[in-house]
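Under the heading transmembrane segment, TrEMBL lists 12-32, 44-63, 72-90, 96-117, 138-156, 162-180, 208-226, 255-275, 282-301.
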Amino acid sequence: MKTIKLRLIVLNFLEFFVWGSWLTTLGAYWFLTKHWSASDFGAVFSTMGIASLFMPSLMGIVADKWINAERLYGILHLLGACMLFVVPLIDNPTTLFWVMLLNVCFYMPTISLSITVSYNALKNDGADVIRDFPPIRVWGTIGFIVAMWTISLLHIEKSASQFYVAGISAVLLGLYSFSLPRCPPRDVRRDSLIDALGLRAFRLLKNYNMAVFFLFAMALGASLQLTNAYGDTFLHSFANVPAYRGLLTVRYPNIVLSISQMSETVFILTIPFFLRRFGIKTVMLMSMFAWVLRFGLFAYGNPDGLLWMIVLSNLVYG
């Protein structure tokens, strides 16, 4: 059992290492190296949302009916790696939009597939999925943090080299996945394409409480994407102030931002307590106020005398 857990830890670590290698630093590359427009950047960053709307469901159908999940997982990562290797060769934002759209179309389904492969391997090994998977999944967040530190310490936050790091990691993960325990198709029968794509879930929005929860979740998701898109670039902008050049926050902004993921890891462990103690409505309200603090502290902090505000902003992110 220890062997399979270790193998799944490697899987989850690399899964999010690939993403963390470029997600938070794409903005720095876009604005500070390519000097492309903000409107085009918004379109490129929206590709993750676009891909997430349909690709996980479609690849889930493929895995259920025609191909082993671990093989599909590996193929998707290898295809995504090809797209990442192409990114440094692109010299216009329109082409980058389409390449990144393809990249995330290949990547986004792998998040759910990694869970499927992990669950299948644990069950076949006689493990308790509810007990054993969460500690394994934490290594995904650790992988994301390590990727952020790697890109920052190599001083390639503004460089196309970040995509090579991500691409090489994706190739390694893709090849590694072919050695994982088999997760064959289950031939799940669904009555219609609507069921296959999970579209009947929208019926839940007829429930007022569910609709309100969904709107709050959308707002929180938008806040998260704003941070991922512009946080690193914002910290880089302090280099324009001579007094701040050479300071830790300006030299290694991605490391400073990684405090957010560290905080997230800790606070996730407290969610069961807060839900039992206060309930979902209060927890959601606390989350909304936390995001207000997040952006407020970020706006008024600086890398010198008010560094504590930037650090606290990242802690609140959790």
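Placement of Cβ uses the backbone N, Cα and C atoms for every residue, glycine included.
Heads up, TrEMBL stuff is auto-annotated, nobody curated it.
Outside the transmembrane segment (282-301) by six or more residues, the chain places 213, 216, 219-220, 223, 226-227, 231, 234, 271, 274-275, 307-310, 312-313, 316-317 with a CB less than 8 A from a CB of the stretch. Touching of the transmembrane segment (138-156) and the transmembrane segment (44-63) is ruled out by the presence of fewer than three CB pairs under 8 A, sequence neighbours closer than 6 excluded. Using a Cβ-Cβ cut-off under 8 Å and counting only residues 6 or more beyond its ends in the same chain, the transmembrane segment (208-226) has close neighbours at 45, 48-49, 280, 284, 287-288, 291, 294-295. If you count C-beta pairs under 8 angstroms between the transmembrane segment (44-63) and each of 12-32, 72-90, 96-117, 162-180, the highest count goes to 96-117.
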